[in-house]
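Here the structure comes first, spelled out in structure tokens, and everything after it is commentary.
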């Protein structure tokens with residue numbers, strides 16, 4: 001359990017980005033996020049205050065106007081056409097004023113363009129060579145274009161001014177007719193409509209404030225959403241970078257140095273395999289034969305006769321590659337031709353028992369050495 005916990009801690013430490021440098025974009029986006037949050041809270045508060053003030057003024061205007069209607073009575077309804085005509089005349093007057101301003105602006109632009117053209121023509125006439133300079137030619141073309149545009153704007157503004165002036169004149173004429181017709185009721189209802197106009201202007205101002213705060217609140221919310229999207233994008237980039245680095249780290253095994261190291265390991269494995277094959281082909285067979293011989297040899301009763309194991313261990317081994325059939329035995333023993341396994345059964349055969357006590361061991365050793373020699377020749381033929 002302790003090892004498992006230590007392993008988990010090591011994995012957590014390796015995956016935790018404590019040493020990773022913080023992206024500088026995060027700080028900027030967090031500041032924008034905090035600023036947007038403050039703006040949202042402020043504009044929401046101001047918007048709610050503006051709406052409450054608008055509702056309060058509207059309720060107040062409704063109550064006071066109702067009181068005026070009760071005091072004045074039927075005069076409000078009878079003089080209402082006059083006040084509507086007066087409002088229409090006021091609106092027509094404002095439109096006529098805007099059209100007049102547009103017309104005056106177009107006239108000024110046209111005048112300036114014409115002056116520029118006149119200056120260019122005057123310079124051309126003063127020069128003896130009468131050759132156009134590229135800068136003056138470009139200025140003349142631009143001035144000509146401005147003259148054409150100013151003339152078009154002047155024509156449109158002149159038509160608009162005439163139309164608005166005609167509407168204004170018609171509205172004024174209609175208002176004067178109603179004023180003559182409803183002179184008595186107009187005087188009685190004047191306090192009501194003046195109070196109504198006053199509250200109307202106040203409510204219009206409050207409405208504009210509410211709309212401005214609503215627009216600023218929408219802008220602050222948009223900035224807040226943009227900051228959140230940017231932070232989310234930065235977070236995705238960081239996670240993707242960490243995931244890519246983790247995959248690169250896990251691509252190689254522990255302690256691996258690339259393809260070269262893998263090739264060296266394969267070569268080392270081949271060398272080891274060859275070394276084992278050579279040792280298995282020569283050394284291990286001889287060692288196993290000597291061990292088996294030492295275990296199977298039974299010493300004779302006569303202590304004067306040395307054992308075959310001791311003589312074989314004391315005598316240096318030689319591997320003859322020319323003739324595997326010859327074998328030097330200690331004590332002047334002469335090897336005989338091997339017969340069947342049943343022929344070498346101990347004391348029953350005089351050929352297998354030249355000396356008492358060691359006949360069986362010599363015969364068995366002879367057969368084993370011959371089998372070892374044939375096996376060595378077989379290995380040499382394979383190599």
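Backbone N, Cα and C define each Cβ position, glycine as well.
Per TrEMBL, the listed range annotated as coiled coil is 89-130 (candidates: 89-130, 131-172). Within the set 1-38, 39-76, the record from TrEMBL flags 1-38 under the feature region 'Disordered'. Same-chain residues lying 6+ beyond the ends of the compositional bias 'Basic and acidic residues' (23-32) with a Cβ under 8 Å from its Cβ atoms: 223, 226-227, 230-231, 234, 238.
DSSP assignment over the compositional bias 'Basic and acidic residues' (23-32) gives 9 helix, 0 strand, 1 coil.
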